[in-house]
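First the structure, in the form of structure tokens, and then the observations on it.
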Amino acid sequence: MGTEGKTGKKLLFLFTSVILGSLVQGKGSVYTSQPDVQVAENNSVKLSCTYSGFSSPRVEWKFVQGDTTTLVCYNSQITASYAGRVTFSSSGITFNSVTRKDTGAYTCMVSEDGGQNYGEVNIHLTVLVPPSKPTVNIPSSVTIGNRAVLTCSEQDGSPPSEYSWFRDGIDMLTDAKKTRAFVNSSYTVDPKTGDLIFDPVTAFDTGEYYCQAQNGFGTATRSEAVRMDAVELNVGGIVAAVLVTLILLGVLIFGIWFAYSRGYFERTKKGTAPSKKVIYSQPSTRSEGEFKQTSSFLV
């Protein structure tokens with residue numbers, strides 16, 4: 001077989017390995033019997049990793065959760081942060097007891113010869129945790145014609161919960177028009193975020209609401225029920241408030257005009273005019289019998 005044929009086979013093998021969740025460079029191969037693992041919280045679980053074609057394999061495991069990467073095993077040895085609850089063997093790693101924080105992606109990496117012979121395989125671990133009781137934010141009253149958002153969430157479910165809403169005990173499907181009870185309503189339900197959005201609110205949206213969370217593990221949980229009333233805009237109250245404001249403003253303007261017309265502000269200015277100064281000069285020494293005006297008063 002020619003060089004091109006060998007190269008093509010090698011590229012095809014590499015491409016197939018990547019599709020199957022593994023990466024190979026060189027003569028070795030790395031694979032797992034279970035790339036997607038689910039286990040209930042507080043149970044033990046093994047993540048398998050088998051390999052061939054390595055004469056002196058160096059095995060490492062890393063854990064990726066979001067933007068954080070942590071080494072679980074380095075040079076075939078469990079790291080300090082996992083010591084005591086994870087054990088290593090040539091066929092994988094075993095958790096004695098998993099927690100919800102262990103959910104994420106694990107990579108088994110095998111290498112030798114300075115990296116010229118290398119292979120890795122990815123395994124995703126999901127620690128199953130039933131949902132907790134969801135919390136809701138439901139306004140007690142909303143104005144007809146306005147937009148209203150009701151929220152529902154819970155933090156413990158793994159995998160993340162999906163949400164559904166109920167009004168007066170009736171399931172509110174994602175499409176309002178599919179249920180006769182909500183044919184006159186205009187709303188949308190987002191099962192991922194738990195938001196129930198009315199746009200706009202109608203008179204038919206008055207009722208008692210609660211939401212339910214479920215993730216396929218354990219029992220579905222529901223929130224407390226809260227009543228929401230759809231009310232008309234209080235036009236009369238707004239008009240009355242405007243009239244009262246205008247009346248008070250008119251009374252204030254009239255009071256200022258009346259004070260000016262009576263001269264109140266002018267009298268105030270006169271009453272605060274500065275007083276005149278009095279200057280007194282002491283008499284100077286003069287001869288007896290001589291009379292001159294030596295003192296003066298200036299008023």
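Each residue, glycine too, has its Cβ placed from N, Cα and C.
Feature annotation from TrEMBL assigns signal peptide to 1-26.
Summarising the annotation, TrEMBL assigns domain 'Ig-like' to 28-126 (among others).
Feature annotation from TrEMBL assigns domain 'Ig-like' to 134-227 (among others).
Marked as transmembrane segment by TrEMBL: 235-260.
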- Can you tell me how the residues of the domain 'Ig-like' (28-126) break down into helix, strand and coil by DSSP? 9 helix, 59 strand, 31 coil
- The predicted model's mean pLDDT over the domain 'Ig-like' (134-227) is 94
